[in-house]
Amino acid sequence: MSKPPAKESHPGLFPPTFGAVAPFLADLDTTDGLGKVYYREDPSPSATQLAAQYVQRGFPEVSFQPISVVVVTWDSVAPYQAPSGNPAQRGQRNTFQAVLASSDASTYAIFLYPKGGLQFYTTFSKKDESQVPATVAFSQGLVGFFLKSDGAYNIFANDSKSLENLTRSSNSGHQGVWVFEIGSPATAEGVVQAEVNLGPDNGADYEGEVEDYDQMTTHFGLEDAATSSLPFKITKREDIEAYDVPRALSPRHEATEGSRSFQLPVEKFPQQQTQVIDVDEVEETGVVFSYTTDSQQTCANNRHQCSVHAECRDYNTGFCCSCVAGYTGNGRQCVAEGSPQRVNGKVKGRIFVGSSQAPIVFENTDLHSYVVMNHGRSYTAISTIPETVGYSLLPLAPIGGIIGWMFAVEQNGFKNGFSITGGEFTRQAEVTFVGHPGKLVIRQQFSGVDEHGHLTIDTELEGHVPQIPAGSSVNIEPYTELYHYSSSVITSSSTREYTVTDPEGAGASPSRTYTYQWRQTITFQECVHDTARPALPSTQQLSVDSVFVLYNQEERILRYALSNSIGPVREGSPDALQNPCYIGTHGCDTNAACRPGQGKTFTCECSIGFRGDGRTCYDIDECSEQPSVCGSHAICNNQPGTFRCECSEGYRFNDEGKCVAVVDQRPIDYCATGLHDCDIPQRATCIYTGGSSYTCSCLPGFFGNGRACQDVDECQPSRCHPDAFCYNSPGSFTCQCKPGYQGDGFRCVPGEVEKTRCQQEREHILGAVGAADTQRSRPPGLFVPECDEHGHYAPTQCHDSTGYCWCVDRDGRELEGTRTRAGLQPPCLSTVAPVVHQRPALPTSVIPLPPGTHLLFAQAGKIERLPLEGNTMKKAEAKAFLHVPEKIIIGLAYDCVDKMVYWTDISEPCIGKASLHGGEPATVVQQGLGSPEGIAIDHHGRNMFWTDSYLDRIEVAKLDGTQRRVLFDTDLVNPRSIITDPVRGNLYWTDWNRENPKIETSYMDGTNRRILAQDELILPNGLTFDPFSSQLCWVDAGTHQAECLNPNQPSRRKVLPGLQYPFAVTSFGKNLYYTDWMRNSVVAIDLTISSVTDTFHPHKQSRPYGITTILSQCPQGHNYCSVNNGGCTHLCLATPGSRTCRCPDNTPGVNCVERN
């Protein structure tokens, strides 16, 4: 290759005069600072080995070991736009890689296109001044010393169809990966492409939804620093799905070259995370790029990714989990051998029956399955299936057959589905009915074991099925099916027959036999680091010995029952298959494993945690039989087949798994930390005397021992002037001269004091009508304002004649919307601004948690409830609050008035809510969202605020989603967490803009915006505000620290360094609670001693997102929007000591009044 001449600096007709390797030749734009291009030469073994693996897949007959690779990454690059721009391409970004791997004898090019990585296929050509498609091609350039001529060149893609196919297909057997031989004697006439094509039975059209946050992060700009340091922010989900859901195979595209023709493969492959070699800045795998496990990925910091019934082992390239003896699974998920299993999930469908042009649609249908593992029998029931489609689904036993494969009885040396995948995989199947047009596609997502120990599954059915008359029965004979295994992919295909028997009296030919063709692809993640682990047989045979299908018309339940075993490929019924362990006639207990012997001999062995002869097994109560099994200071809880240890209050697990006291030997300044037992700051002060000692002293105006102080009544006897009134107050008193006297109360002389506005108005009205004399009656219809004891306008004013009442402000003006009819008085706030306490009403360390306080935290499509008692997380009582597996919940907030939980969901996207006491979830905001993340509630003003990291703005709306208004849409790049201080009327949020991260604040009406923290921030994720201490705290996933500050003071306090990957945080009293992506857990920090005090690992080992504190009662306090919406016609937005009335956006013609 050579440097392009100046006249060819922009892409033009191909081939160029210079040598070129072009994974995506087009005019690309990186001038906005987001798109970047990285390159490096990498001779490391991990890089060269992976490159060798890709080449080996594409060219199985070649032995190739590179000595170095060159990696070039185009990350989030934009299309070059014409001066007028192209609205259709606004926001679109492309990400792809090229890898050149070289040995002493040859060179190969590897092009990698991740899922969703190509969002545009044309750019504006500076040369042609028009939109032209990109090109994927190779060129030798001009060759020859004197008489130069065009060398060989190859064009593999140069139109939208072939370009779209780059992310969906492959020439090397791995979706999105393309391998070419470009430097060897064989390439003298042009490059040689790999030709590893899957056959028609092994490839399947993939049509899937984004189902976990690892994929969604790249779609919505939520990637983390540990995963990618590149600003990978692409389009909205609805735009991405155009690439994720191919509807038909692309036509074959013929590539051209100087001397030969190629056919670009179009076979589809099961969707899987495309592996892309890391650039230098990438620290961890897991989102789009997944090369190999980072050197930091060891058992030491990833043990939680293994099942509690598994052991973790480190290898040269990473770690692997493996189930211990007595358990089966893939190590990440393990269940006791022989124990019955339950599978729960949801089914939705859109099915055309027979020749009908109208589909039968059903959603949120329950699926439940019970598996007798030691028999290999699975019983599956799908409820509320409409009768119009129920009978026609009877032949589709494979819907439940996948569960039978997972727990099929294993012959020696062979593995069922759960042993291979741990119940975590994606399955896509295609059913073609012979003689019937169309096909049915089955998509299933298995998500492992949930917190209840049950496997979870989501199923989607779409397509056509032949009609089977109502009342018919279907019979399916026993069958066998071959499963083919390769790296992370399992495929199978077969042809099956089923017999339909019409209902009695239906005619002379009650029975007919039909045929359908079946093929499926299963994709999963396997651990590749244990190279010594025995390889799976490339082909296994699933034997289904009995099949039973039934549709219950009255209950509308579809039932499938199958008996399954897995073993070698054999013809007929060999003797080995007659062992009772394989055919399910052994009679072992449901909590036992059947161990086959020679011939037909076998033994029954109770599962781990059970005892008996194998034919009868009962649970072992480890807690009763081994009282000290958990050690001292621990509580043992027996569970079926196992037990669980929890440390007693005041103790925690150490690294050896023993319960040790929670102590800290360092001296503690109890006064500074708030751990003292002095009376509240309004009555007493704490005096630090060194070490861990302190004394308590009552403040002036109080008496007592400092721990309990009582008010001194200074008015008994009065300390005021004899001509003054004495008013006692907590810790103090005031003096006010009597009417006819003036002075400060301590000295009063005859004379009148200056009257207030209310008093002056009152006297003016009464004097004007001659009613100043209180003995005389007032004229009817006259309104005279009422003043309080200090001369201020009373907050509630009433008209004596009409009986109407209303609220007024500090100047006596009526607050609009507060007037009531005769006989009723509105609840009005004082016309004097509420007192804002700058110090806590109680020491935060001794604030008791109200009974019923707990945490809520999100894990993708689940919200879990974790009770708190004192400062302890009651882990044994943790349970699911909401399970919506189709959603990806990020932010959480709680309305303590209506007991309602609110959340943001980036999958639709939308904002939803659900009652804390149960009920169906509801959507409150669905339109005009990009990627809603943080959410916060003002329970006084009945408003919610949220951040949108795709639209880069902050919005406010009423709690029902109406009256939306954009507060900020400038100077925001990646706004994430947001929090309110309702009493003070302040708003706080984080912006993890990688170029300029910051924490900002404003009033709730959007005024007085300013930056609170900007230095020494990298990825400020979570934010929380404690109203008791006025402390604003945050967690930063880049600095790995928790920090706090008082918004009214400039100094920051580093609470705790060494956090792994915090995402969200909440607080109460002296504790911070944050969610951690690396630990997949909820972690408690004691602010007073700057130490982690407790950790909760949810049963579901997946990333936790938002977290919030749920209080049984609302905190004390109010703001100016608390009563009658602050007199506002629409949005009432609190500010310190006041409020602002604002109108919603885009509501012309609405009778709305804005005022400060």
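Each residue, glycine too, has its Cβ placed from N, Cα and C.
Caution: TrEMBL annotation is automatic and unverified by curators.
Among the candidates Cys787, Cys798, the disulfide partner that TrEMBL records for Cys805 is Cys798. Neighbours of Cys798 (disulfide bond), defined as other CB atoms within 10 A of its CB across all chains, total 18. Sequence-distant neighbours of the domain 'EGF-like' (619-660) (same chain, 6+ residues past either end, Cβ-Cβ under 8 Å): 336, 339, 591, 607-611, 870, 872, 875-876, 1093-1094. Packing around Cys805 (disulfide bond) is summarised by its Cβ count: 19 other Cβ atoms lie within 10 angstroms of its Cβ, all protein chains included. Taken together, the residues in the domain 'Thyroglobulin type-1' (755-828) have a mean pLDDT of 81 on the 0 to 100 scale.
Panel annotation: around the domain 'EGF-like' (711-749), residues 682-683, 699-703 of the same chain, lying at least six beyond its termini, place a Cβ under 8 Å from a Cβ of the stretch.
For the repeat 'LDL-receptor class B' (985-1029), same-chain residues at least 6 beyond its ends with a Cβ under 8 Å from one of its own Cβ atoms are 33, 224-225, 229, 231, 674, 840-842, 844, 847, 934, 936, 938, 941, 943, 945, 947, 954, 956, 967-968, 972-979, 1035-1039, 1043, 1045, 1047, 1052, 1062-1069, 1072, 1074-1075, 1107, 1115, 1117, 1119-1120, 1133-1140, 1142.
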